[in-house]
Amino acid sequence: MNSPVLLCLMVMMVQFWPCSPSTQNSSAQSTVQSFTAVRRVKRGWLWEPLFATEEQISPNPVYIGQLKSDLDKQDGNLEYILTGEGAGNFFVIDEYNGKIYVIQKLDREKKSFYTLKAQAINRNTRLPVEPESEFIIKVRDVNDNEPQFLDGPYVATVPEMSPEGTSVTQVTATDADDPSYGNSARLLYSLVQGQPYFSVEPKTGVIRMAAQMDRETKDQYLVIIQAKDMVGQPGAFSATATVTINLSDINDNPPKFQQRLYYMSVSEEAPVGTTVGKVFADDSDVGDNAAMDYFIEADSSDVFDMITNNETQEGIILLKKRVDYESKRRYSIQVKAVNRYIDERFLKEGPFEDTTIVKVNVEDADEPPVFTSENYLMEIFEGAKSGTLVGVVTARDPDADDSPVRYSIVHSTILKRLFSINEHNGAITTTEPLDREIASWHNITVTATETRNPEKISETNVYIQVLDVNDNAPEFSKNYETFVCENAVSGQLIQSISAVDQDDSAESHHFYFSLAQEDANSSHFTVKDNQDNTAGIFTGKSGFRREEQFFFYLPILIRDNGTPPLTSTNTLTVTVCDCDTEVNTFYCRYGAFMYSLGLSTEALVAVLACILIFLVFFLAIVAIRQQQKKKPPFSEKMEEFRENIVSYDDEGGGEEDTEAFDISALRTRTIMRTHKPRKKVASEIQSLYRQSLQVGPDSTIFRQFISEKLEEANTDPSVPPYDSLQTYAFEGTGSLAGSLSSLGSNSSDLDQSYDYLADWGPHFKQLAGMYSSDRTVGD
């Protein structure tokens, strides 16, 4: 056959595959499915009926069908061969008769069909007698898998009081069986636990509300859902899932006060803002649904205020005004609590608010005195004599016993005490005259103390304004420098002046300017009042001479418009300058200064020249003395009497010379010879030098001197420890000049004569100059 032949073999009886006419038994157990498929051509395959059941699969091969060629004469000459998927592993064929067997159990969930090929050949010729034919073995499903809830456990939330039928959530189970064949994968949902509050749709698994539920009664429910395959038929597999359903809160409960009547008390001493008490309304809801606000509904006195504590949901009653036991002893207020967020769906069930009554009793207290005014403003004229009454403050005891009050002023330790108060009647008086120009306001603090209870004290502020009196005459606004040129012409403006007054005028100040009476007839200068609190100074003649008069002093009268008016005389100094028309201020000031000293310009130049010469002479002397201090007077003598000269002229053998000397001795100071204390140089030189005047180099004293110096060099830690040349100057007896040292002499310089030093030549010139009798040496 040129076209492939399809053979359908039924193995696991779950689904009917219509490859050929067939019948199916609806029994719950797997049944045998049979069919006959015969297809004949000129030459072809002959298909026998095929039978297979799941129960027949066992450790032994299970027959599932037969392949047979129409050329097979049952003489054993044909050989049947099976190839393809599962051939040899799951399926085998009898090579003599074409029967096919299953040797292993098949699982549809792993592989649902197998494609194989069949061939018949002649055993002798090994040639095919039938063309190769392909066929499919389809594995039919059986119910061998349980349903599974892959997303469990479930948690859902639904608002309380939701109507019946409200969808809560949906649960879904899965089944690995074949959904396209039979009922193995068809699931049915049912409610195991959760009645009568919830229901579940059998086919979809949607959970719905079956009744209205109140969260305040129970806020969580545990529902168990079951899923069965085979449409719930007997013998079906099943699985369960747990669904936790929480009821969320809605505002369905109004607030309720715990008490219908509250009693509170407050002291009459309590300040404004004091907490009088707290009220609390309970609300079964939670969160924002339980949020409420408190209000005072009826309080005609307007004494109390109400706030809400959002954290504790309490209503706090505060004191809005001070209370007085003597005026009113009891208050009654009505407080309301209202839900902040209201659900309109439940308005029909009533208002979401509640009210209560609060009675507040005022407690009596010993109160401090009370002033008739919180602040007092008083006035007094400046200059009033000591003891003048400024004003009176009044305070009383508000209590029923009306204790007497004593007044006092809180004086500062820094400020001067300018006021006093009568401790019985509160009259404030001055202790000395006041000056408005020094201080225009005074702030004092007055206390009132109960005489029966000194601890009860109250204070008030008294502000005292010092009123102005015209007691200050006007004066120049500044110190004027006025200059006039010698060539000034008559009527020339030389200065503009203005005035100030320290008094405080009710109206604007107005000043009047004029020359004093004693200078009114003067023809040198005139004053012109500009009527705007300024005036101009004009020349009254042409030409001025400094030689005749260098300064002019103009007495100018300034009068104010006060009551009574005050007048002052201010002197304006006019300086005559050597100029034509324009004034050189610096030159004029210089000339005025010289005139005041009584010196001319030439005399001043001479004085400055003398000062300069004296300064140069003084600096020269200082320089000479500094130079003399730098040069020591005994320089030559010190060089001659230097103790010794140490010269080091050693040359090492290089880095490779390690035997010449030990370099480690130079690198460390821990290895040293024992140091012999040095003798005093002065005494040593004095003794040895005195003896050397009578001995030569071969004497014992000379050798002793050399030995001591050698030992001293060997033990000196500050010099190199090896091979060094040291030279000492030791004066012997062979000197013609004799000894120049004064160390051996017991007499002072005053007892000796050094005049002979002048005969020693120029080398001893400086020494002869210092020690000669007349202290001078000629050139």
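Here, residue 1 is simply the first one shown, and the rest follow in order.
Yeah, the Cβs are placed from backbone N, Cα and C, and that goes for glycine too.
The following features are taken from TrEMBL:
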DOMAIN    69-149  domain 'Cadherin'
DOMAIN    150-257  domain 'Cadherin'
DOMAIN    258-371  domain 'Cadherin'
DOMAIN    372-476  domain 'Cadherin'
DOMAIN    476-586  domain 'Cadherin'
SIGNAL    1-21  signal peptide
TRANSMEM  603-624  transmembrane segment
(message) Please list the DSSP helix, strand and coil residue counts for the domain 'Cadherin' (372-476).
(response) 0 helix, 49 strand, 56 coil
(request) Take the domain 'Cadherin' (69-149) and count its residues per DSSP category (helix H/G/I, strand E/B, coil), listing them in that order. (result) 0 helix, 38 strand, 43 coil
(message) For a three-state summary based on DSSP, what are the helix, strand and coil counts in the domain 'Cadherin' (150-257)?
(response) 3 helix, 46 strand, 59 coil
(message) Treating G and I as helix alongside H, and B as strand alongside E, what does DSSP give for the domain 'Cadherin' (258-371) in helix, strand and coil?
(response) 10 helix, 57 strand, 47 coil
